[in-house]
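**Student:** Annotation source TrEMBL lists coiled coil at 279-306. According to TrEMBL, the feature domain 'Exoribonuclease phosphorolytic' maps to 32-177, 209-272.
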Amino acid sequence: MPPTLISPSENDYILRGVDANIRADGRGRLDYRQVILETGLITQASGSARCRLGEGTDVLVGVKVELGAIELDGVEEDVAEIKAKRGRVICNVECSPIASQQFAGRGADDFNIELTQMLDRVLNGPQSGLDLEKLCIIPGQQCWIVYIDAIVLDYAGNLLDTIFMTTRAALYNTKVPKTIIQDIGDGEIVFDISDDVEGWERIEGWDKVPVAITLNKIGSRHIVDATPLEELTTEAKLLVTVNKNGKVCGLQKSGGGSIDPSLLNEMVQTGRSLGQSLIKSLDEMVRREENDINLKQSRRERVEKLGFFAAT
């Protein structure tokens, strides 16, 4: 991506504001912008969600659950034994060129790959919370493959946090068809997929999926939910992934600046606390939305989605 510049006066203004705990948009150092979250926007997907931070960063995530073969070719024996009993999660993140001029050109491809790998590492690792064994239908043969596709529609800073928030909501909204497994003898197992519209279940462990909290070190302080200008002023970033129990699932430091050990510990604890609060707030949003939809459907009222007009 092409570099973006910031003037010395803008840099100084942001530094002084962060130090005084009054950012340019009126927020404090640890305040998030308003989160607008909605699920079930893509009718052809197994699950979907859209999340927008204020009038800025906007991410749409679609989840598709499909049958697939368990692939064990070229895998070491001990690893194959584990994979034979698990389903798979395949991630893809793409930043639309219209979201920001930073996403135009060949450099955006590397950025897309970096975001995809980050999401993939979390969701396919032991810290993801997802019970991939529940996605296995016939060990060594068939499983459910969960395709997660995220597209960045608009960009105004704090991209990774928004991607993780949206992905978690989309997984909550995802419906996996129930399967009926039968042993017909001689070690042969067959399965059938329920054709009952109500015969579905959520992905086991969706509620244990962590969120990401990106802390930006500016001067001797740190902030969350940075705007693009604040990101340009950032000396170093610390990404903290946290689950609902407050367990830190991962840390990643980026940027050329250093972080003092005492400040590092403070940033980790801040990320841990904010992560738990954010998860609680997000879960309340999606559950409230689902309850409202169920209530309207029981009354045979029309269910309307805000969709792409959510910020208007």
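One is the number of the first residue shown, and numbering goes on along the chain from there.
Placement of Cβ uses the backbone N, Cα and C atoms for every residue, glycine included.
Would you situate these features in the structure and describe their surroundings?
**Tutor:** Within the chain carrying the coiled coil (279-306), a Cβ under 8 angstroms from the stretch's Cβ atoms is held by residues 35-41, 49, 165, 168-169, 172-173, 207, 211, 242-244, all 6 or more beyond its ends.
In terms of DSSP secondary structure, the domain 'Exoribonuclease phosphorolytic' (32-177) contains 50 helix, 50 strand, 46 coil.
With DSSP states grouped into helix (H, G, I), strand (E, B) and coil, the domain 'Exoribonuclease phosphorolytic' (209-272) comes out at 18 helix, 26 strand, 20 coil.
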